[in-house]
Amino acid sequence: MRNLSFIVLFLLTLFFIHHLVDASLLVKSLPGFEGPLPFELETGYVSIGESGDVELFYYFVKSERNPENDPLMIWLTGGPGCSSICGLLFANGPLAFKGDEYNGTVPPLELTSFSWTKVANILYLEAPAGSGYSYAKTRRAFESSDTKQMHQIDQFLRSWFVKHPEFISNPFYVGGDSYSGKIVPGAVQQISLGNEKGLTPLINIQGYVLGNPVTDKNIETNYRVPFAHGMGLISDELFESLERSCGGKFFNVDPSNARCSNNLQAYDHCMSEIYSEHILLRNCKVDYVLADTPNIRTDRRRVMKEFSVNDSSSLPPPSCFTYRYFLSAFWANDENVRRALGVKKEVGKWNRCNSQNIPYTFEIFNAVPYHVNNSLKGFRSLIYSGDHDSMVPFSSTQAWIRALNYSIVDDWRPWMMSSNQVAGYTRTYANKMTFATIKGGGHTAEYTPDQCSLMFRRWIDGEPL
């Protein structure tokens, strides 16, 4: 009887674990892409939370080189609340939109030459619930926060590895960009602590990758003014007056300091028409792609009506970098696309970024302590910055890295493309942290994909940049 009870319990446990990750699908083709996919793509849901009330959606792309032995990385898009389609189709995945003008059909896709999946297995996760195709079954489960995300990522991974045991021994990394600068280092720490507590399966965590990482809002805000001056966006006189009147502090300014406030208003005026994610690019308005996306089966006139615009000139032209955001709204909401990806019927309309609709608590105001703890554990890290990003200036990232106070093992130098052209600049520290700038890059990798792909390939293979 005791043996029978044990067998029943064992079978129930296997059934429960299988149920957590049973909604997976091998995707052989996608609407918008001609022919079968030339890479292996799996999508699915993993149930997490106390009662399995959170359903996190993922895209898993196997490495094109040697998936059995190549590293595995989970990629977390910033936001919080932005879809991982941003990573898969905009940043470092194997597909991208062609950028043709929208004609009412499914936007066409094409292969990229710069995918990070050429050398690594990548798991693109839609987190927290409410991001992309992920959802929650109850209002309470829908609530999220910085620390809750970290715990859920750890829980997701251990459930996912149960279903994919062949990848347990692969070197594992956590990657992300923008607001994920707050989440990724904490998730690495959470995974490490889980391993130490004996949580199974053990995750072979080796390090993390961060692009243009939001780390400390005060530091980032403080470095925007000198960045703007260095880029010629404000005058010497205004910069010097800002330095004097504000005492070099440009955040939490004393409202009684009228001179500082007036100077900051002048600074804001100079920056108001600059595209902050990449100061050299055309400032295309993209507010409409952040709100509810339009009905797919509609003509151009109806599209403009739903976007509350009067003429086609109010829509971004295909030459605009952000036009791909417009296309993603139509692609991701197409019924055939959702069916091909295995999206559950409970999921409503897809938004590229759904931040305003997620009940989210911001708890981490400074992520530097997580970097300190991860350095003490001996984890590798790659931190990179586009040098034309004014949202999270590369100089602000350099500042908190210097504050870690680790000795330099490879000092500031250019790193080169294969064509012997300068791709950016790099420095490596004794805590196994590599910092790199991306020449001409913005917020984030998607603006200079060839350089970022080469940087990642060298770093993940243990080569110097």
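Quick reminder: no glycine exception, Cβ is built from N, Cα and C everywhere.
Fair warning: this is a prediction, and the values are worked out from it, not measured in the lab.
Taken from Swiss-Prot, the feature active site applies to Ser178, Asp389, His443. Taken from Swiss-Prot, the feature substrate binding site applies to Thr77, Gly78, Gly79, Asp177, Ser178, Tyr179, Lys439, Gly440, Gly441, Gly442, His443, supported by similarity to another entry. According to Swiss-Prot, the disulfide bond annotation covers Cys246-Cys260. Positions annotated as N-linked glycosylation site by Swiss-Prot, on the basis of sequence analysis: Asn103, Asn310, Asn373, Asn405. The annotation signal peptide is assigned in Swiss-Prot to 1-23 on the grounds of sequence analysis.
Swiss-Prot feature annotations superimposed on the structure.
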residue: Gly79; record: substrate binding site; CB count, 10 Å: 22
residue: Asn103; record: N-linked glycosylation site; CB count, 10 Å: 10
residue: Ser178; record: active site; CB count, 10 Å: 24
residue: Cys246; record: disulfide bond; CB count, 10 Å: 21
residue: Cys260; record: disulfide bond; CB count, 10 Å: 20
residue: Asn373; record: N-linked glycosylation site; CB count, 10 Å: 16
residue: Asp389; record: active site; CB count, 10 Å: 26
residue: Asn405; record: N-linked glycosylation site; CB count, 10 Å: 9
residue: Lys439; record: substrate binding site; CB count, 10 Å: 18
residue: His443; record: active site; CB count, 10 Å: 25
Inter-residue C-alpha distance, Cys260 (disulfide bond) and Asp389 (active site) (nearest angstrom): 24
Residues Thr77, Gly78, Gly79, Asp177, Ser178, Tyr179, Lys439, Gly440, Gly441, Gly442, His443 binding substrate per the record - widest CA separation, whole Å: 24
Rounded distance in angstrom between the Cα atoms of Lys439 (substrate binding site) and Ser178 (active site): 18
Shortest C-alpha distance to Gly79 (substrate binding site) - which of the recorded positions Asn103, Cys246, Asn373, His443: His443
Distance, Asp389 (active site) to Cys246 (disulfide bond) (CA atoms, angstrom): 23
Inter-residue C-alpha distance, His443 (active site) and Asn373 (N-linked glycosylation site) (nearest angstrom): 26
Tertiary neighbours of Gly441 (substrate binding site) (same chain, Cβ under 8 Å, six or more apart): His278, Ser385, Gly386, Asp387, His388, Asp389, Gly424, Tyr447, Thr448, Gln451, Cys452
Neighbouring recorded positions, C-alpha within 10 angstroms of Ser178 (active site) - of Thr77, Asn103, Asn373, Asn405: Thr77
Candidate nearest Thr77 (substrate binding site) in space, where candidates are the glycosylation sites Asn103, Asn373, Asn405 and distance is Cα-Cα: Asn373
Nearest-integer angstrom distance between the alpha carbons (Cα) of Asn103 (N-linked glycosylation site) and Asn405 (N-linked glycosylation site): 54
